[in-house]
Amino acid sequence: MQILELELQNFRNYGSQRAAFDPNCNVIFGENAQGKTNLLEAIVYLSCGKSPRARTDREMIGFDAAEAVLESRALSRDREFRTRVELYRGRRRKMWVNQVPAKNSAALSQVYHTVFFCPDDLYLIREGAAARRRFMDTALCQLRPRYAAALAEYHRLYDHKTRILRDSEERPDLLELLPDFNERMVRFGAVLIHYRQQFAEALARYAARHHRECSGGKEQLEIAYQTVSSVTDPAADIEVLTEQLRAHMESHQAAERASRMCLSGPHKDDLIITIDGREAKSFSSQGQTRTAALAMKLAEREIYQNATGEYPVLLLDDVLSELDPRRQEFVLNRIAGGQVFITCCEDDRLPVLLGGKVFHVKQGTISG
Ligand SMILES: Nc1ncnc2c1ncn2[C@@H]1O[C@H](COP(=O)(O)OP(=O)(O)OP(=O)(O)O)[C@@H](O)[C@H]1O
């Protein structure tokens with residue numbers, strides 16, 4: 001997978017910009033606040049219809065512009081694709097793949113895939129379970145359509161069940177609907193556990209290797225999937241998972257009715273991350289946290305490559321800061337394979353060792 005060319009109009013601080021990229025390595029230099037992250041954000045947005053940082057599409061439109069246009073020419077599965085998105089203030093965006101209008105962002109996801117790493121990704125280690133579930137869900141939805149469908153259905157049922165429980169004080173008759181909701185959540189929940197277990201197992205294996213090598217063999221990263229307590233083996237067959245999840249739901253029924261809240265279930269799943277046996281969330285240093293988060297992203301790239309035969313485009317934003325020189329060198333050695341974009345500050349010459357194409361970004365203008 002490769003981005004051959006990108007064209008932006010009024011996207012963030014870019015006016016009218018076109019750039020052609022190297023198939024392997026693209027080093028994006030620039031001082032602070034010049035547009036390096038904006039460039040990576042545009043590439044991510046074109047890959048999935050979502051920004052890794054903007055809350056609304058409007059945020060990405062140039063301050064003085066009415067609309068923004070993003071367009072890419074990409075190579076994927078030995079074919080060339082053109083994707084185009086137009087963002088407007090006050091009306092819905094429009095998207096196209098090869099000039100055919102796309103109804104939703106799923107059409108963009110089928111063209112190319114990105115793995116984006118930025119300083120905020122420390123949240124993967126430091127924050128609560130929701131951040132790690134989001135990481136698993138995003139990766140798995142791109143890889144397994146069956147997972148994406150089960151997750152959407154599980155969320156829909158969860159929201160509905162939450163409303164039933166909340167409103168049940170005034171309308172006790174609603175509780176009659178619960179057994180049916182529970183049964184459907186059990187069936188879709190078992191599918192989620194099945195895929196999450198497989199993903200977590202591969203993630204643990206690859207990420208441990210990256211982390212070990214990056215720390216010069218000194219540190220051991222471990223990742224374990226944690227789901228509801230009554231599931232004794234998340235790697236068991238889906239039928240077994242369904243039975244155990246059903247027993248779990250039944251044992252929580254009385255408590256859910258009493259608290260009028262949807263309690264335990266796969267919606268509380270987590271990844272337990274430890275470095276040398278200690279929980280990383282509480283005990284790891286800034287550098288260790290960054291190394292672990294990066295190891296997880298590199299592992300995600302490998303899982304995707306194994307499943308599809310193609311490397312996703314790797315986007316590394318400000319990855320070198322807070323790493324000591326040996327860890328920096330590891331990162332630069334390790335990212336080969338597939339197309340890479342790496343941003344850094346002007347005085348950081350290390351990435352030039354990577355070869356490839358060098359760009360300078362200044363006030364929303366890229367020069368090659
Ligand atoms: N919608 C917008 N319209 C115009 N400019 C914007 C918009 N959103 C953000 N910017 C500007 O983009 C600039 C930030 O760009 P970006 O985040 O890409 O910086 P960067 O080069 O990655 O910097 P750093 O090295 O500090 O991370 C800021 O000056 C910000 O004001």
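For all residues, glycine too, the Cβ spot is worked out from N, Cα and C.
Heads up, TrEMBL stuff is auto-annotated, nobody curated it.
Computed from a predicted structure; not experimentally measured.
Positions annotated as domain 'RecF/RecN/SMC N-terminal' by TrEMBL: 3-347. For the domain 'RecF/RecN/SMC N-terminal' (3-347), the predicted model reports an average pLDDT of 93.
Look at G35 (ATP binding site): DSSP puts it in coil. According to TrEMBL, the ATP binding site annotation covers G30, E31, N32, A33, Q34, G35, K36, T37.
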Legend entry - Residue with minimal Cβ packing [other Cβ atoms within 10 Å] among the binding-site residues G30, G35: G30
Inset, instruction - Check the binding-site residues E31, A33, Q34 for any whose Cβ is under 6 angstroms from an atom of ligand 1, and report them in sequence order. - result: A33, Q34
Inset, instruction - Starting from the Cβ centroid of G30, E31, N32, A33, Q34, G35, K36, T37, the recorded ATP site, name every other residue in that chain with its Cβ within 8 Å, sequence order please. - result: N38, T343, V361
